[in-house]
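**Student:** The structure that follows is given in the form of structure tokens.
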Number of protein chains: 2
Amino acid sequence: MVTRAGAGAAVAATAVVALLSAALALYRPPLDAVLERAFSLRKVHSIKDMENTLQLVRNIIPPLSSTKHKGQDGRIGVVGGCQESLRSAPYLEHSHCRETAGITYTGAPYFAAISALKVGADLSHVFCASAAAPVIKAYSPELIVHPVLDSPSAVDEVEKWLPRLHALVVGPGLGRDDVLLRNVQGILEASKARDIPVVIDADGLWLVAQQPALIQGYQKAVLTPNHMEFSRLYDAVLRGPVDSDDRHGSVLRLSQALGNVTVVQKGERDILSNGQQVLVCSQEGSSRRCGGQGDLLSGSLGVLVHWALLAGPEKTNGSSPLLVAAFGACSLTRQCNHQAFQKHGRSTTTSDMIAEVGAAFRKLFET
Amino acid sequence: MVTRAGAGAAVAATAVVALLSAALALYRPPLDAVLERAFSLRKVHSIKDMENTLQLVRNIIPPLSSTKHKGQDGRIGVVGGCQESLRSAPYLEHSHCRETAGITYTGAPYFAAISALKVGADLSHVFCASAAAPVIKAYSPELIVHPVLDSPSAVDEVEKWLPRLHALVVGPGLGRDDVLLRNVQGILEASKARDIPVVIDADGLWLVAQQPALIQGYQKAVLTPNHMEFSRLYDAVLRGPVDSDDRHGSVLRLSQALGNVTVVQKGERDILSNGQQVLVCSQEGSSRRCGGQGDLLSGSLGVLVHWALLAGPEKTNGSSPLLVAAFGACSLTRQCNHQAFQKHGRSTTTSDMIAEVGAAFRKLFET
């Protein structure tokens, strides 16, 4: 779907749901008009547009080959996980976790890491606080769990694994403990220095809202905020409230203000932008909003981002590989939700959704 | 398939994919020529050869009988499992594991031990470091877990179980901690003294690469290296790089140099040798290379090695019982991979493969 605005502002025609040249963003009123017009056409074109974009996702998926070794299809690391605990827990006496004010999760990093594996990564690591490690390990023997995130040498411990990782997912179950966040800051800096793609979610986004400079202009970062996280980020970066009538423009502007970092705003429909294009993912999901779905999204996105960068823009018809990867992860998460809801209805949990990853992946990307 | 090289170098005709007499190895150029010819014939004969070798595997499987007692069909021990941890984790203060440099796994010994059980062992033990024990126990109530591997009396603790064990699988999730490796060295020596068969994988192979004398000439040892581990072993024992154009010859030569220890080189096709015969297992698997498949192989091999030695060479038509057992374990692992992939596609994990052990075993060995 191609739209035009202003004299000579040509919009390149790629098969995305909505495509807007970055130049358009300079003209506020025309941009809004264009966006509105673009998305008013969405209903007519949505099925075809979705299908065209899904085809781009299919293009980035590496063929399985019997000559490959373990690890070649993806080694993903998840940074997060700190068991909430109290001063009364004596075995955590020396752990920084006990001072955490906010609640923290072991489920979130597990969901993200196991999702990465089920999407097709060969190996999935979790870098978490020491107290969280036995719990996360106990969820599944499939994961490699490193109890390092609250260690004084956390950054070094993660950094020595970076050469062996294709992508990092930062934030699931991270919490807001100062020591952990300082370590995560170091891990993000080390990842940038090595040009490793990072997906940032949950309290990883809280950290970015405190210090946008951490990912400013880093072209291999993808942020996956929900409604609240998006507002906080937007306010931190653009110093003003989000225009709730203009979700598409808001996502576009936040991405641009961050130096074209890819932003995925999760919601009833997911709005995605890299500051140049805006995509809308309206793959049918369900109305079930159980906690943990965002971890399925971030974990699968970790794999898809790696595959997309490996494939390169020639496989995505000129669109940003990261944007195509994000569209793939959004579609997959929604399809998992849809399938799980068909079976389990209101009782659907994120574990039910993760059990659908294989079938949902085949349905969307291997037909 | 029988091939001949040189005057009078007769190759005994057993129904294996490729069979070469040990004598052939003395003549380097003819050997290579023979190997080449043998394997060029493989395509024509592969289905029949595979089937014939599978028949030998069937011969070693003990019949289930209502008169047997618990334990008679196999009591297997897995030596491995040390939770990675750091000095900063206070609840591990007294564990040697905290000084581990490399990453270690609790998933790997679990996969090996549960696979042994599912192949048909009656009892499956894990001897692991103390910190790893609760996690491994939490994976499954089926396993008997001994938290002894980092104890000063580790060798004694394992040794007192040896009279009750039929085979040991050494290495899954072992790591490279000096204390643990020293204990494992003692356990290997005690096992040899009692003539107990040992399957060595993962960091157990790292130990063997440091001290090949540990298993030199031990006829009841089977090594199961992947590509990397094979190169390391080959370099340690034969003091030179592997000829990547001659996988079969390389496996044969490593086995011979180790005094006819059985070597299973895992790969796109698995190459097996006891220094006298070379087998190729090309049972259809899939292209999915999730971590943990090697643990399924080592665990099931633990059981099959016991059964094969119990059956003796008369049941294997003169072929080495250990080689037949290894062929069985390779075939089974690949069949599990194949079946799991049929159901789960790219989302296949090692847990999915282990869920297929029963059906795969029936299909391969009970038809």
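Using the three backbone atoms N, Cα and C, a Cβ is placed for every residue, glycine included.
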**Student:** If TrEMBL gives B:Gly173, B:Asn226, B:His227, B:Met228, B:Glu229, B:Phe230, B:Ser231, B:Arg232 as binding (6S)-NADPHX, which of B:Asp122, B:Asp150, B:Asp195, B:Asp295 does it give for that site as well?
**Tutor:** B:Asp295
**Student:** Mind sorting out which of the binding-site residues B:Gly173, B:Glu229, B:Ser231, B:Lys266, B:Asp270, B:Gly292 are close to chain A, meaning Cβ under 8 Å from one of its Cβ atoms?
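**Tutor:** From B:Gly173, B:Glu229, B:Ser231, B:Lys266, B:Asp270, B:Gly292, the ones near chain A are B:Gly292.
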**Student:** Can you tell me which of the binding-site residues B:Gly173, B:His227, B:Glu229, B:Ser231, B:Asp295 is spatially closest to B:Lys266 (ATP binding site)? Compare CA atoms only.
**Tutor:** B:His227
**Student:** How does the model score the domain 'YjeF C-terminal' (B:53-364) in terms of mean pLDDT?
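**Tutor:** Residues in the domain 'YjeF C-terminal' (B:53-364) carry a mean pLDDT of 91 in this prediction.
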**Student:** Helix, strand or coil for B:Asp270 (ATP binding site)? Use DSSP.
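**Tutor:** DSSP call for B:Asp270 (ATP binding site): strand.
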**Student:** Tell me the Cα distance separating B:His227 ((6S)-NADPHX binding site) from B:Asp270 (ATP binding site), rounded to the nearest angstrom.
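**Tutor:** A Cα-Cα distance of 10 Å.
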